[in-house]
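Q: Please see the structure below; I have some questions.
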């Protein structure tokens, strides 16, 4: 039987594959950590920004908390997986693999859902922004104005939203002497957001489905490390 440094060829190949899968697990843990930081950062950003939008309702204000909680959760999972892969601790690897299987199922369901319900979600977001704007159009410029300037959009649906109070300067290019329906940005901010969401929904759904393949590799790697540490 062929040997490599005192080991059989089969043992050598198994050792190399286990080493590769260890790096897959470590790489996935780093990815979990980075995604967790992004989720937490976006959650904090939403907490700050949504305070500027009155009358959004309790449902919308739960959104930042969800992002923040998911970010912290992913950070904890990444820590368990990283420590388990380095030390080959069976308990930590079991926790990592179990949670990753759960997240794999969620990613698959979410990916399919994004592809299917993106149009309905866009309509719901547009309705929510419409409701907040129509409650007090005059006061809405405090939260919508910065968005209009940054995204080069006007109102929620377009300049016609301001027929009763006049189009604000944030709806036009900086330096415009007067802002009217003739020189205002033609696209509404809500419409622009929802159109962007629908454009990227296929990419988001596809990424989620691709993520499930990587997660499956991470689970296989974790279980191989467990079996190797037990032997």
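Heads up, the Cβ atoms here are built off N, Cα and C, so glycines get one too.
Bear in mind that TrEMBL entries carry predicted annotations, made automatically and left uncurated.
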Q: Of the ranges 179-202, 203-226, which one does TrEMBL list as transmembrane segment?
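A: Result: 203-226 is the stretch TrEMBL calls transmembrane segment.
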Q: What residue among the disulfide-bonded residues 153, 154, 172 has the most other CB atoms lying within 10 A of its CB?
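A: Most Cβ neighbours within 10 Å: 154.
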Q: At the level of the C-alpha atoms, what whole-angstrom distance separates residue 189 (disulfide bond) and residue 154 (disulfide bond)?
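A: About 6 Å separates the two Cα atoms.
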